[in-house]
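Undergrad: Grabbed the feature section from TrEMBL, which reads as follows:
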- 20-39: transmembrane segment (TRANSMEM)
- 62-240: domain 'Penicillin-binding protein dimerisation' (DOMAIN)
- 276-615: domain 'Penicillin-binding protein transpeptidase' (DOMAIN)
- 335: active site, acyl-ester intermediate (ACT_SITE)
- 637-649: compositional bias 'Polar residues' (COMPBIAS)
- 637-668: region 'Disordered' (REGION)
- 653-668: compositional bias 'Basic residues' (COMPBIAS)
């Protein structure tokens, strides 16, 4: 027998033994690894993984807070919440499971399609639901609100088909006064994709709506409250086994506004069938008593998403009901600013209390032939400041502005709040425009001309102001230089009925002037309301002293023709303006009124509106239909409410002003 087969057999045996040893070592190490892992899980880190196991079967269910109510200064309810049935879905619990036991986005599409065959779902709601489903896998997401009884019944019958869906009772916002003060109160709306980019997830977990405009938006942090939660234990199928803990939500603060809703209703009624704005303020503290922009709109339409039909109707309405004229509308202030210009001229030493100017019916710049016409083409003769305010003499203020110069003029008017936001606690305030040389160079690429300054002197040309700015400047006149920030919020009350004080507005520098300067200009304003003044009819028979000033702002320029409101289209008519305060010797209310495209000027149209508003407020004469405070708000609580607040100014920038048409001089 040969030795070769024996050697091969030995080699094969050796190779087998080596392989067996290697395999044995591998198996041994594998067993040691498994035993080590078992030891780690069961002994050394048992507590850690036991806790993780328990957490895996715990779910935190958010409890959204009740939104704070909003009242007027007398306790009349302006914004409330009522119960409704809503349909919510937890994405992790719907549809078929994949290999990992989790639902997929494809399942969401199928689920929504099936659900839509039972309960109508708006396309925008479906889009928002899918967006939120990507972010919140384990939290209930609203897919449909305000279910009807028929829709609830349809869901109940088909409930087994839709695991993960549930109907809950939620609080829904509503506005009982419908269109009244809609621009002030604002409205809430569904949280959308844009909101999700900025919201704090922890603070808004379970919340479906957020303030979009007005007080609802500006004071969102106060109104929202703090979310609560239930910590529950669930089985492997996601079914609730027990309640482990619960944290109750904290409701939002109740807001009390400085708004007098009866005055607000009356103000809006005075502008019925017109387009315009009225702002009324308390000069003593800066509270806004009324802020009317007409026409108005129904904020209830926006709560759960306005229909395309309704939104199109509002957006395409030529009267622009969604536009807040009081805050965002910018108009040439016209002659309403002549008292402020007069005070500035006295402070700057450009004029004196006894200074007189001869008015032949026009003003000419030195060495020029062009005539800037006074509204009274025959002229007023020799006039001083007080008489010029009473008669609204343009020539006097042409001369004053020219001698002051645009640099000093612009700086002086900014001290009255023109050309900058007032800082009111409402979003989207416009800053108006107080022009300067630099502004014109940047905007129009042209030099500033002396004629530009002349026009600015009577509130025309490039100068633009909001009704709120006019009311604010009027309070400075009423306060003889003391400037207070306008604000809507008056006081707050927490959900636990613990009243808290809120900080006062940051003070503005006082506009320092001699007492006789204020006396002189205010006397001129009082004379406006007396025989011989431009608003004598509106001032007749008043039981209190009124200080006021009329104004007119041109919309359409006439090339040498005579203005006749009855012969031109309504939208080309002049705007009528009026500012004033009363009582003149102890101011309690300051008012600014603008009526767009009015049939008459400020004295004939705007001044009578202001007079009626002052009568109603000072006499508290709102008739038998005046709204009463809500029963839950005791008068004692209202009296203890802390005054005027410090509020953070919104960061949104106002829209750029459109190019202003060339203005002409108008009588008031």
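Just so it is clear, glycine is given a Cβ too, placed from its N, Cα and C backbone atoms.
Walk me through the surroundings of each of these features.
TA: In the three-state DSSP reading, residue 335 (active site, acyl-ester intermediate) counts as helix.
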Undergrad: Calculate the per-residue pLDDT averaged over the domain 'Penicillin-binding protein dimerisation' (62-240) and state the result as an integer.
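TA: That stretch averages a pLDDT of 82.
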Undergrad: Using all protein chains in view, find how many other C-beta atoms are within 10 Å of the C-beta of residue 335 (active site, acyl-ester intermediate).
TA: 33
